[in-house]
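See structure below.
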Amino acid sequence: MGFTVADYTVFVLLLVLSSAIGLFYALSGGRQRTVQEFLLANRSMSFLPVALSLLATFQSAVAILGVPAEIYRFGTEYWFLGCCYFLGLLIPAHVFIPVFYRLHLTSTYEYLELRFNKAVRVCGTVTFIFQMVIYMGVVLYAPALALNAVTQFDLWGAVLTMGLVCTLYTTLGGLKAVIWTDVFQTLVMFAGQLAVIVVGTVKVGGMGRVWQLAADQGKISGIDLNPDPFERHTFWTLAVGGVFMMLSLYGVNQAQVQRYLSSRTEREAVLSCYAVFPCQQVVLCLSCLTGLVMFAYYQEHPLTAAQSQASSDQLVLYFVMDVLKDLPGLPGLFVACLFSGSLSTISSAFNSLATVTMEDLIHPYFPGLPESRATLLSKLLALSYGLLCLGMAYLSSMMGPMLQAAISIFGMVGGPLLGLFCLGMFFPCANPTGAITGLAAGLAMAFWIGIGSLVSNLRAAPSASPLSNSTDFPQASNLSTAIAATLLTSTPAPKRLSGLQKFYSLSYMWYSAHNSTTVILVGLLVSLLTGPTKGATVNPRTIYPVLPRLLCCLPRRYRERLSCGVGCAAEDGSCVEPASCAPEKASNGMPNGPVGGLARAEEEEAEEGEGFARAAGAHTYILQETSL
């Protein structure tokens with residue numbers, strides 16, 4: 001099986017158009033001359049491109065290969081993951097986005113300094129950088145490896161081409177280019193998956209035939225209401241555990257929050273979160289249908305000897321080449337779909353890493369950095385992370401069996417970071433010592449379970465083929481599940497385990513919930529032991545008063561007790577917060593006010609309020625508030 005000229009043309013066209021979008025935004029508008037434009041698209045984006053970019057960011061090539069393989073092997077139970085999407089997007093839209101947007105942040109981790117102190121901010125930033133750097137090379141290398149094994153597509157030619165093209169348009173065009181290339185690449189992903197489903201369904205004999213063959217072989221799953229968290233997939237595991245996974249992605253991840261913050265208004269940011277919901281459902285349906293069509297096709301067209309020995313993700317590519325081989329250009333379209341997933345994920349990683357490095361590790365220590373020099377430095381950071389991605393791809397090729405452990409790190413880190421932000425936002429009594437200790441405990445717990453599970457499964461299946469010549473990435477609907485899933489082998493967990501073996505068999509879908517809860521519980525305990533933060537010293541703009549808002553009909557004195565002494569925005573006792581009590585901050589969220597050109601120019605003149613002052617370590621900051 002090989003590529004035709006038409007296939008190569010389609011694939012090259014994807015790369016050329018992606019580069020052209022970057023060049024267009026490098027030469028138009030403000031030409032990326034300010035940090036604000038380069039990192040936040042001048043806060044001028046509307047909700048639809050932001051929504052499609054949010055979708056593309058975590059719809060990686062691993063997911064495009066992984067979900068059909070999951071459905072092919074284990075049936076349609078994974079489809080119930082869609083149940084978690086509603087709450088997983090509704091909570092960020094009404095909890096996290098308003099808090100982050102009204103603080104005019106650039107980096108998500110600026111929030112941690114406003115809520116706690118600089119040490120907590122640096123800890124969060126370093127954790128995020130570690131998380132993304134480890135994963136960048138893998139998301140570039142893994143699909144190229146699978147593609148090479150099936151089609152003989154040149155491995156390092158694909159890796160270098162994609163890495164350099166992605167670095168080019170991210171460095172030149174900034175966040176605006178990243179968002180619009182994500183939109184284009186999302187459409188390519190839809191087109192590639194639809195082509196495979198339509199042609200495969202026709203060759204099987206229609207969707208009714210596909211469903212019948214799958215049902216006859218027991219691949220159409222019912223609702224399993226077993227609440228056991230050690231069962232790999234049940235309705236509760238997917239629907240409830242998935243909510244925490246979605247919160248770690250769409251609530252606090254810098255790559256996603258940065259897109260919310262690029263919206264022109266808070267309403268547009270919230271709408272973008274709502275618009276992702278139907279898009280996510282469509283993506284999940286397409287991936288699951290691909291798996292069902294693949295299963296039905298191979299029931300009527302038995303696998304060859306070579307295909308039966310392939311890993312599950314390679315089997316997806318064999319299927320694509322089998323059903324599309326007589327249609328020149330369509331195999332190239334699916335390859336373009338596959339690499340669109342990688343490009344969108346990697347470009348988001350470059351941009352978010354450049355942002356947190358600039359805002360959290362450089363600007364605070366060089367506050368007088370001129371705007372032009374800060375912009376140039378931001379571009380150099382994006383370029384450096386692009387080159388680092390290529391280096392990580394090379395390391396991934398040498399890791400062999402350790403590759404699985406490396407990509408597991410992404411899933412391990414997402415939960416503790418979610419717990420850290422929830423600790424600060426929902427618990428006013430939490431102090432900086434509790435936050436750092438909780439984060440450390442959450443990371444320790446995550447790595448303990450993750451690495452223990454991996455080692456336990458490797459010992460239980462010594463004959464399993466190594467990952468040095470395959471990329472067996474099971475079940476994934478987005479980036480976090482793709483990574484967390486690789487902690488486990490692609491076979492169900494063994495039964496009747498006890499002790500640590502039972503502990504290590506915890507379903508990967510509960511990892512985010514378990515690790516974030518660990519951060520919160522340890523953080524609260526340490527905060528209470530070391531002296532909880534007094535509510536009067538907490539900036540109310542960094543707190544989301546969950547209980548007072550849920551129980552807003554209680555008498556005022558009870559709501560005040562529930563708010564732990566933190567000033568409440570709604571002082572009239574009503575359930576709806578008055579607009580005059582929801583001011584925005586005039587700075588960009590930095591403790592010492594705007595830096596360089598990062599503070600957004602106010603579109604309307606604002607009256608100065610009394611502000612809010614708080615001592616935080618060596619800093620005293622004043623958040624000048626304006627009345628809407």
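Cβ from N, Cα, C; glycine included.
Note that the coordinates shown come from a computational prediction; the quantities given were computed from them, not determined experimentally.
These come from TrEMBL:
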TRANSMEM  6-27  transmembrane segment
TRANSMEM  47-67  transmembrane segment
TRANSMEM  79-101  transmembrane segment
TRANSMEM  122-143  transmembrane segment
TRANSMEM  155-175  transmembrane segment
TRANSMEM  187-206  transmembrane segment
TRANSMEM  273-298  transmembrane segment
TRANSMEM  333-356  transmembrane segment
TRANSMEM  376-396  transmembrane segment
TRANSMEM  402-427  transmembrane segment
TRANSMEM  434-455  transmembrane segment
TRANSMEM  508-531  transmembrane segment
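Contact between the transmembrane segment (79-101) and the transmembrane segment (273-298) holds: at least three of their C-beta pairs are under 8 Å, each pair 6 or more apart in sequence. No contact links the transmembrane segment (333-356) to the transmembrane segment (508-531), because fewer than 3 Cβ pairs that are 6 or more residues apart lie under 8 A.
In this chain, the transmembrane segment (273-298) does not touch the transmembrane segment (122-143); fewer than three CB pairs sit within less than 8 A of each other, excluding pairs fewer than 6 residues apart.
Counting Cβ pairs closer than 8 Å and at least 6 residues apart in sequence, the transmembrane segment (47-67) and the transmembrane segment (508-531) reach fewer than three and form no contact. For the transmembrane segment (376-396), the neighbouring stretch richest in Cβ pairs under 8 Å, chosen from 6-27, 155-175, 273-298, 434-455, is 155-175. Contact counts against the transmembrane segment (6-27), taken as Cβ pairs under 8 Å, peak for 155-175 among the stretches 155-175, 273-298, 434-455.
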